[in-house]
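I grabbed these lines from Swiss-Prot:
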type     : residues                        : note
ACT_SITE : Y24                             : active site, proton acceptor
ACT_SITE : H101                            : active site, proton donor
BINDING  : N75, H81, D88, I102, S103, R112 : substrate binding site
SITE     : R19                             : site 'Transition state stabilizer'
Amino acid sequence: MTTTIYILNGPNLNLLGQRQPEIYGHETLADVERRCAAVAAEKGFSVRLFQSNHEGAIVDQIHEARQAACGIVINPAAYTHTSVAILDALHAFEGPVIECHISNVHKRESFRHHSYVSLRADGVLAGFGIEGYELAVRRICSLCAGG
């Protein structure tokens, strides 16, 4: 069994720390990767972080994860509310999936309240800032280890 966890991020998350810091905070995607790698390493896992502003590239990463990852943490960002393609790709992945959002999407605009990804996710974290990624990695480690 592989011990790699894919952490997939959707559009505009490359601007984390710069774009709307009042909502998303001041930490960057590199900070997310560093923090998640440390959490995973404590449990004997590794992470592979990927970000794209393109839906098809995220779908391709999910397809790759079918062979290379034990679990997926995904923040699909705006694709959360629109992407049946990402949902379908996640249905083809057999391991655990945790959906993660930095902000509490349920306290924001009503169009953000619906998630296609939640139809496949084993758990959803929203509103914990980037700490939510760490919580998601901990849970994926547990699920991949059989817990």
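Glycine is treated like the rest: Cβ placed from N, Cα and C.
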Using the alpha carbons only, what distance in Å do you get between D88 (substrate binding site) and R19 (site 'Transition state stabilizer') once rounded?
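With the alpha carbons as reference points, the distance is 29 Å.
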Can you grab the distance from Y24 (active site, proton acceptor) over to I102 (substrate binding site)? Cα atoms, rounded to a whole Å.
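Cα of Y24 (active site, proton acceptor) to Cα of I102 (substrate binding site) measures 6 Å after rounding.
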Counting across all protein chains present, how many other Cβ atoms fall within 10 Å of the Cβ of the residue listed as 'active site, proton acceptor'?
19
Please report the distance from the Cα of I102 (substrate binding site) to the Cα of R19 (site 'Transition state stabilizer'), rounded to the nearest angstrom.
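Answer for this pair: 13 Å between alpha carbons.
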Just name the winner among R19, H81 (the recorded positions) by count of other CB atoms within 10 A of its CB.
H81
So, three-state DSSP: helix, strand or coil for D88 (substrate binding site)?
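DSSP call for D88 (substrate binding site): helix.
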Near H101 (active site, proton donor), which residues of its chain come within a Cβ-Cβ distance under 8 Å, counting only those 6 or more away in sequence?
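H101 (active site, proton donor) has long-range Cβ partners N75, T80, V124, L125, A126, G127, G132.
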